[in-house]
Amino acid sequence: MQILVHCIQKKDDDFDNIKEYIKMSSKWADIKDINKFNSQIAKAQSASKEQAHKAYDLAYEHCLNGYCIGLDEKGYHLDSVEFADLLKNSSQISFFIGGAYGLSPQFKTKMNRLISLSKMTLAHKIAKLMLFEQIFRGLCINANHPYHK
């Protein structure tokens, strides 16, 4: 199984725990943390929400592989067992985290599923940490590992 996590993010300054969750998950899945950011995105984010969405869409257009899940504040709320079931859907799963303006309405229509990690707005670093922890937890649930009790 391959799990790709795509994020519009300036730097690779994530919490060290993300690397740990990727390492611990490696016995069940090949997980990649893919950050996208370039001068076009930076310029577009300064211009307008619409320009930013176009830049995000362009950065992500070649990343739509496997079962695609977008993170969105209005997405479906799952508990950990339901999230684990999502991980059973495909041999390749791609998660998408939008930039400062979220995912564009057009890009959201290309997703197989939209989920929300919280009703609250989260910083990218925190959202990513929560996502990687839930991926690890979901893989543990599916493997009957005692991490999830």
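Glycine is no exception: its Cβ is also placed from the backbone N, Cα and C atoms.
Listed in Swiss-Prot:
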| type | residues | note |
| --- | --- | --- |
| BINDING | Leu71, Gly98, Leu117, Ser118, Lys119, Met120, Thr121, Leu122 | S-adenosyl-L-methionine binding site |
Among Leu71, Leu117, Met120, Leu122, the one of these binding-site residues whose Cβ has the fewest neighbouring Cβ atoms within 10 Å: Met120
DSSP state at Leu117 (S-adenosyl-L-methionine binding site), helix/strand/coil: coil
Cβ-Cβ distance under 8 Å to Ser118 (S-adenosyl-L-methionine binding site), same chain, at least six residues away: Glu73, Met130
